[in-house]
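J.: Just passing along the structure, written as structure tokens.
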Amino acid sequence: MLSQNHLHVSLLYIVLLTGTKYGCGGGGCGACTVMVSKYDQLNNRVLHYTVNACLQPICTLHGAAVVTVEGIGSTKTKLHPVQERIAKAHGSQCGFCTPGMVMSMYTLLRNKPHPTMEDIREALGGNLCRCTGYRPIIDGFKTFCDVSNAFNLFPQASCLIQSTCLLTKMHMFSLLITSKHLFHMDNVLPLDPSQDLIFPPELMIMGKKRACGSLCFQGDRLKLISPVDLTNLLELKTEYPEAPVVVGNTTIGPNMQVKGVHHPLTIYLFVIYLLCVHVHAGVSMGAVCTLSSLKEEMERAVREMEAERTRGYQALLQTLRCLAGKQIRNMATIGGNILSANPKYDLNSVLAALDCTLQVMSKENGTRAITLNEELFTGFGKTVLRPDEVLLSIDIPYSKPWEFVSAFRQAQRREFAFSIVNAGMKVLFREGTNIVESLNIYYGGVGPTLVKVGRTCQKLVGRSWGEELLADACRLLEEEVELSDSAHGGKVEYRKTLTTSFFFKFYMQVLQELRERDVNVCLLPLEYLSALNVCLFPLQLVSNAQSSQDPVGHPMMHQAAFHQATGEAQYYDDIPAVQGELFVYMVTSTRAGSLFDCFWIAESREQARRAAQMVKVTYQDLLPVFFTIEEAIQHQSFFDPKRKLERGDMDKAFETVDQILEDEIYLGGQEHFYMETQGLIAVPKGENGELELFVASQHSAYTQEVVGITLGIDSNKITCHVRRLGGAFGGKVMKIASLSAITATAAVKTGRPVRCVLERGDDMLITSGRHPFLGKYKVGYNNDGTIMAADITYYSNGGCTLNESLAVSLLRALNSILCMTQWLSIPNLRGRGLVCKTYLPSYTAFRGFGGPQGLMVMESVLHEVAVKCGLPPQKVREINMYREEECYTHYKQLFSPRDMLRCWDECLDKAGYHDRLQAIQQFNTSNRWKKRGISAVPMKFGVGFSKGFFNQGAALVNIYKDGSVLVAHGGTEMGQGINTKALQIASHILKVPMSSIHIKETCTGNVPNAAPSAASFGTDAVGMAVKDACEKLMRRLKPFMENHPKYTWQQWVINQHPPDYNKVNMMGPHTDMDWENSEGPAYYYFTFGACCSEVEIDCLTGDHKNLRTDIVMDVGRSLNPAIDIGQIEGGFVQGIGLYTIEELQFSLEGVLMTRGPSQYKIPALCDVPPQFNVHLLANAQNPHAIYRSKGIGEPPVFLASTIFFAIKEAVAAARRERGLGDSFPLSSPATAERIRMACEDQFTEMAPSPEKGTFKPWSINI
């Protein structure tokens, strides 16, 4: 019976294998990657390939073997080399994505034991990571490459870190070590293919036998039939014409999983083979051939045949390399891709341009051929195929001698993303001339179906390929491509611009190739040639190391890395279901401005989901309803109190400055997209009203408090357990408490355990994320770039409620005020912070806590001042920097900028900023349609909570008679390595190996009233508490140890019997901002850094590539350089998403439309700069924190603003070339759309923006 029909569900709840994680349910993250092995009867071999378990129906695996991460190795038996190396390379932080990464790499090695770096890049292209920044993952996996395949692709870059060695108990010194690895491959397990799991012989025998009948699987709501052969399939389609035919399940699956679409009967093909056959006119691909098979066949054809005949295949390959991830390509079929009739799917535009033919068949009418063109598609998701017809094959013709083909696509992310617009173009010339004989141009993404610009093509036939043709083609395209201003998907002007920009690229490509054939055509200017290059960068790895016996200060592996790599690490949803467990599912509002609480409890996850979807809510309209910051300003809708900081005489300053600038910048929000969605398990104990919560929370004490208040019971009867989180980034501080209260209520009312696991879309809808900001500023400055006065107002969109305590909620806006000057010394300053009350779901904490927005506004101010003064931004930054040995912030907190200035100088030096700036200027002069930009930014980031009572840590240390040590603390492990650093600290003080110390889960029963793990302060607080507790124990042991110096640790412990309990609350220096007087110590201390980034933009599409990033970071004296560098890289890459990629879209009704990885794109492997150099500042001091270290989790996010400003410099270079001004608006994120439309040219002029109020936009900026 099919009660649970997908592989990930079966693995988790039936087989009880929890290594395969559930991240999104739509095949968009790779967390659920497993390897499937099948016997290929046609070629007499066993195939190994990765799939997304969330899309793989369990019954379709008849005859297949499935290998999960548990099957290849474990800590109890033996690790597989893949598991060992990702762990030792520090490639696992929160660990939730790690099993998927491991299985992608494992499968690659099963097929290719000596992979190239390109193989690894392709294998991991469908796996997302939100923590690491990808570098350490590649760093570990590239060790499987031959040296020639790995290291030659990566020019070495030095990384500067400190090596700390213990001189005395209290004093340490630093060594400088460069260009070495953070990990060593000494004594690692070798890859031994002979030890891999064999394909089960019984499946081999079964596979060699021909199937004797169809398979039928019957469930309570669905039925799945697998035909035995083509005849059987045609009979089924005749009997059940409305039943979908499924092979890869990559379209039907997400619709069923995410959108709730139900198909009572499905015909599934996994027995019928349709071959790939080379015929005289081309290649005939069976419709059930996967996209991976199509790619392999095209590569084989390109490799073995003359280039002239495979131009179309080369264009197909160009598209296939960016299409989805490896797992999806292994599942999706060419037939399914075509018949899905989704204009965002890239293949149709290319195949149509190639004049491909479809062979379809039915039982009644036999076989017929259909040309693949615009007439095939009758609407979105609809084709001309009759209900009883099936697609047999696709004939892809060879290219003719004077035929030229190109494919184009532009997406939100370069790879693993649906295209915004895609195109296939083919032109055939009269032999030896530039006279057009035929022309095919197809577009996807500019209408509900595939679009052929037939009139344009017809009018260009017979014309010479030259500038007149180009001008007429652009005009004709402008007339023929029709998109209403309210078109679905929005981005209307951008999409129109892409249609002409793509053709211009095609025109230049063909012109260049005609010249190479000595055809007399107009000369293409040399500066145009760069527009024809498709640039794919390898990854360059940062490598560092240090060695010492003392664990403090050295790159120790993450404490749970091996368990995370083997799938043994347990997250809340991995806890096995207990008898009688129920499931709760939230009912969400479909209309803004309505207040209601509704949830559904059922016996299973699927029942609860279906029940919730059936709930119909009647709403009463509330007026006015508004969602944007601008509307809130109009309605004066703000939360109280409204904060302000002011220094100096603003009026006098503005009267005396040379110039005044007034402007604004908008910054969009950001979704946390932690890999593990929010949830918990509530278990009533039955006795004395006790309740246990196994919860994904950064602040278990707050969760305990909220549940207690909700249920009316004392906190001492509620115990919250948190072993680890699969990512959090601030999103699991407060919102999880409300979910916990709902789930706990259900558990208490029913007397049964209740599990709550949010689906990805509901998680994004309910929890929201980083606040959108609008910064409005008035700046007074002198002509030399000195800023004398700044009046800045920060508006943040807070949503409909504060949802958190007043103090914490307002800190988002207030932190932006506190951060606003960062490294700038401005004598006269006024900052206001207002939280806008709108009718959106309330926003919450996110890594940086308002800092990335506040700092970004001030950097925009400086950038615009530099433009107005005609000075380089770098010079204006240096003019306005703090310089004195002792300085005061605008809220009168004392600090020294010495290390900040050192970071800045070292960053410029190590990045070779000045030489590269000249090289970029030369590049821009020589390239019209590609431009580069470089930007360097310093940073001063406050660490800790501005409310002092949060700056505390607690720890409990037990020493047992056998000498083992148990440490419990109030922090939460979520990938930042807090447990690893706690182990290092305890090991250092107790002088026992880390292997003798165990970290217990976070539990409110062991360590009560703990502060949240947030604000980059967790290790500072917890580390000091562990240190203090261990030192107390050692003081008690010291007399006995001195009297018996030859005893072992265990003998000391047995004879002394020290008390096993030690708890300490650590309070840092007083931090409490006095807003009335605009002064006070707002932060515990400051973390400094500097970053330099270089980018290249495509002026025709808006695409950009991150070429190189250099970071110098002051982390004090790092407790663990490997973890700290991982935090820097991960934070920076998350910042890349914030400032360039991640775009939230809301409908006019305030409904979030980007609810999952198919619509919302976080950075992938392709977004990491190929040169990514991280340097830790040597000899840095921080007397305020544990062993002079510094918190590092949040500060690196802002450094990615260098990517944004480098993009802005590149756009400015393009605009200068066209006689446009350097000053122009560019909101964050700097998406491909915004970049392209800022590069104004003749093509953007063809798609003018409509007047506001004359149309209904598809989405709004909130």
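Going from the start of the chain as shown, residues are counted 1 onward.
Cβ atoms here come from the backbone N, Cα and C positions, even for glycine.
What TrEMBL says about a protein is an automatic prediction, not a curated fact.
Values in this document were obtained by computation on a predicted structure and should not be read as measured data.
Per TrEMBL, the feature active site, proton acceptor maps to Glu1194. Residues or ranges marked as [2Fe-2S] cluster 1 binding site in TrEMBL: Cys24, Cys29, Cys32, Cys54. Positions annotated as [2Fe-2S] cluster 2 binding site by TrEMBL: Cys94, Cys97, Cys129, Cys131. The FAD binding site annotation in TrEMBL covers Val245, Val246, Val247, Gly248, Asn249, Thr250, Thr251, Ile252, Asp346, Leu391, Arg409. Under the heading Mo-molybdopterin binding site, TrEMBL lists Gln698, Phe729, Arg847, Ala1015. Taken from TrEMBL, the feature substrate binding site applies to Phe849. Annotation comment: TrEMBL describes 217-401 as domain 'FAD-binding PCMH-type'. Taken from TrEMBL, the feature signal peptide covers 1-25.
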J.: Which recorded positions are spatial neighbours of Cys32 ([2Fe-2S] cluster 1 binding site) here, meaning Cα within 10 Å, out of Cys97, Gln698, Phe849, Glu1194?
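T.: Of Cys97, Gln698, Phe849, Glu1194, within range: Cys97.
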J.: Sequence order is fine: just name those binding-site residues in Cys97, Cys129, Asn249, Phe729 with a Cα within 10 angstroms of Cys29 ([2Fe-2S] cluster 1 binding site).
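T.: The binding-site residues passing the 10 Å Cα test are Cys97, Cys129.
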J.: What is the biggest Cα to Cα gap, in Å, among Val245, Val246, Val247, Gly248, Asn249, Thr250, Thr251, Ile252, Asp346, Leu391, Arg409, the residues listed as binding FAD?
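T.: Max Cα-Cα spread across the FAD binders: 28 Å.
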J.: Whole-number answer please: how many Å between the C-alpha atoms of Asp346 (FAD binding site) and Arg847 (Mo-molybdopterin binding site)?
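T.: Asp346 (FAD binding site) to Arg847 (Mo-molybdopterin binding site), Cα-Cα distance: 35 Å.
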J.: What subset of the binding-site residues Cys24, Phe729, Arg847, Phe849, Ala1015 lies within 10 angstroms of the residue listed as 'active site, proton acceptor' at the C-alpha level?
T.: Phe729, Arg847, Phe849, Ala1015
J.: Between the Cα atoms of Cys97 ([2Fe-2S] cluster 2 binding site) and the residue listed as 'substrate binding site', find the distance and write it as a whole number of Å.
T.: 25
J.: What is the number of other Cβ atoms found within 10 Å of the Cβ of Ala1015 (Mo-molybdopterin binding site)?
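T.: Taking every protein chain into account, the count is 30.
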J.: Quick one: of the binding-site residues Cys54, Cys131, Thr251, Arg409, which has its CA closest to the CA of Arg847 (Mo-molybdopterin binding site)?
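T.: The smallest Cα gap between Arg847 (Mo-molybdopterin binding site) and any of the binding-site residues is with Cys131.
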J.: So how far apart do the Mo-molybdopterin binders Gln698, Phe729, Arg847, Ala1015 get, largest Cα to Cα in Å?
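T.: For the residues that bind Mo-molybdopterin, the greatest Cα distance is 12 Å.
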J.: Determine the mean pLDDT over the domain 'FAD-binding PCMH-type' (217-401), rounding to the nearest whole number.
T.: 91
J.: How many Å separate the Cα atoms of Asn249 (FAD binding site) and Cys54 ([2Fe-2S] cluster 1 binding site)?
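T.: Between the alpha carbons of Asn249 (FAD binding site) and Cys54 ([2Fe-2S] cluster 1 binding site) there are 10 Å.
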J.: For Cys131 ([2Fe-2S] cluster 2 binding site), list the number of other Cβ atoms lying within 10 Å of its Cβ atom.
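T.: Other Cβ atoms within 10 Å of Cys131 ([2Fe-2S] cluster 2 binding site): 30.
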J.: Where Cys129 ([2Fe-2S] cluster 2 binding site) and the residue listed as 'substrate binding site' are concerned, what is their Cα separation in Å, rounded?
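T.: For Cys129 ([2Fe-2S] cluster 2 binding site) versus the residue listed as 'substrate binding site', the Cα atoms are 21 Å apart.
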J.: Taking Cα atoms as reference points, rank the binding-site residues Cys24, Cys94, Phe849, Ala1015 by distance from Arg409 (FAD binding site) and give the first.
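T.: Nearest candidate: Cys24.
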J.: State the count of C-beta atoms found within 10 angstroms of the C-beta of Cys97 ([2Fe-2S] cluster 2 binding site), not counting that atom itself.
T.: 30
J.: Including all protein chains shown, what's the count of other C-beta atoms within 10 A of the C-beta of Val247 (FAD binding site)?
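T.: The answer is 22.
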